[in-house]
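Engineer: Per TrEMBL, the features are:
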type: BINDING; residues: Gln107, Lys123, Thr222, Leu223, Trp224, Leu225, Glu294, Asp309; note: ATP binding site
type: BINDING; residues: Asp142, Asp309; note: Mn(2+) binding site
type: DOMAIN; residues: 191-397; note: domain 'FAM20 C-terminal'
type: ACT_SITE; residues: Asp289; note: active site
Amino acid sequence: MKLKQRVVLLAILLVIFIFTKVFLLDNLDTSAANREDQRAFQRMLAGLRVALEPRLEHTLQSPWEIAAQWVVPREVYPEDTPELGAVMHAMTTKKIIKADVGYKGTQLKALLVLEGGQKVVFKPKRYARDYIVEGEPYAGYDRHNAEVAAFHLDRILGFRRAPLVVGRFVNLRTEIKPVATEQLLGTFLTVGNNTCFYGKCYYCRETEPACADGDIMEGSVTLWLPDVWPLQKHRHPWGRTYREGKLARWEYDESYCDAVKKTSPYDSGPRLLDIIDTAIFDYLIGNADRHHYESFQDDEGASMLILLDNAKSFGNPALDERSILAPLYQCCIIRVSTWNRLNYLKNGVLKSALKTAMSHDPISPVLSDPHLDALDQRLLSILATVKQCTDQFGPDVVLVEDRMTLSHL
């Protein structure tokens, strides 16, 4: 065969190889990833119901030790959590051995230590389930039931970035006051026949206490993350100014995302995609109050954005605050896995899944029906926003593969 013919043949073979790699093998990889997303979704649905029972199988460890071992840089709990019910049962039943004012912040909370030394954050009930919070999207007191609902939504979306939360009833007279610090005890008072406390925080006032029904107070408890995973606080790039008449740059600059992409840790790694996942999560729950966020320390942008403090949510089911989605519609990128999961949750699946996931909780029903209905409507808005992005820039630009390997070793 002449040299020229050999060169032509090699060129043809090279073209065939490239075609196979780009159009066949890559598509096979994508299809395999999509199939795994579908399988993960089915596993999530199968494990939605979590029975709160004390039994721990195949282990001599305490529930607190098990939960501590779950935490890794990219998730708070693993996909397969057969001991989840036992940990949550312990959170809602273990004896309270110490009660103190909550860590510093704007909203009322108490820091409890449960038998075995596990810390939890207790947020008291302030509103009835059907109460509508009027005003700004971040108005009102914290909602304890919102923390419970947000945790289960985190499970359903497959993020696994929210610490465990479960509802709990506590007797303020017999469970809290005997073990309360002087600082917390000094904020107790009686209103009518009800025991109340106002704690210590930026907005805590003696005139605005949280009151039990008699001595029994409904609330939520959030599992404290292990001390071996210290947190680092960051200003959210799409945070609000909270000052009337003063807009943040992202609220008037449509090219703002381009500037964010040039700054650390958003110029590389998973953090910007985490911000967009969080915007989707916050839009679904109606949380417009994420002015800061936490990650694990010294992570150089590699750890997840942890979904802490979700209580400024589910305030008004009729209010869809589109500005929460600004990271999505300004950056026009989204993880393929997130996009797939959102599509699986269409046609009422999201509402049904969340209702099922929360049905075991001690304070069930956690949400009113209007809030559940609002989730399905907001999901449609998110899908429509992504479609606008793909129509403008194409799916290859908008849909980003980011499947980081997780390790629990």
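Counting begins at 1 with the first residue displayed.
Using the three backbone atoms N, Cα and C, a Cβ is placed for every residue, glycine included.
Since the structure is predicted, the reported quantities are computational estimates derived from the model, not experimental observations.
Locate each feature and note its surroundings.
Structural biologist: Around the Cβ of Leu223 (ATP binding site), the number of neighbouring Cβ atoms within 10 Å comes to 25.
When Cβ atoms from all protein chains are considered, those within 10 Å of Asp289 (active site) total 25, not counting its own.
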Engineer: Counting only residues 6+ apart in the same chain, whose Cβ is under 8 Å from the Cβ of Glu294 (ATP binding site)?
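Structural biologist: Once residues fewer than 6 apart are set aside, Glu294 (ATP binding site) is near Leu231, Gln232, Lys233, His234, Leu305, Ile306, Leu308.
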Engineer: Want to know which binding-site residues, from Gln107, Lys123, Asp142, Leu223, Trp224, Leu225, are within 10 Å of Asp289 (active site) at Cα; which are they?
Structural biologist: none
Engineer: If the ATP binders are Gln107, Lys123, Thr222, Leu223, Trp224, Leu225, Glu294, Asp309 per the record, what's the largest distance between their Cα atoms, in Å?
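Structural biologist: Greatest Cα-Cα span of the listed binding residues: 19 Å.
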Engineer: For each of Gln107, Thr222, count the other CB atoms within 10 A of its CB; which of these binding-site residues has the top count?
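Structural biologist: Of the binding-site residues Gln107, Thr222, the highest Cβ count within 10 Å belongs to Thr222.
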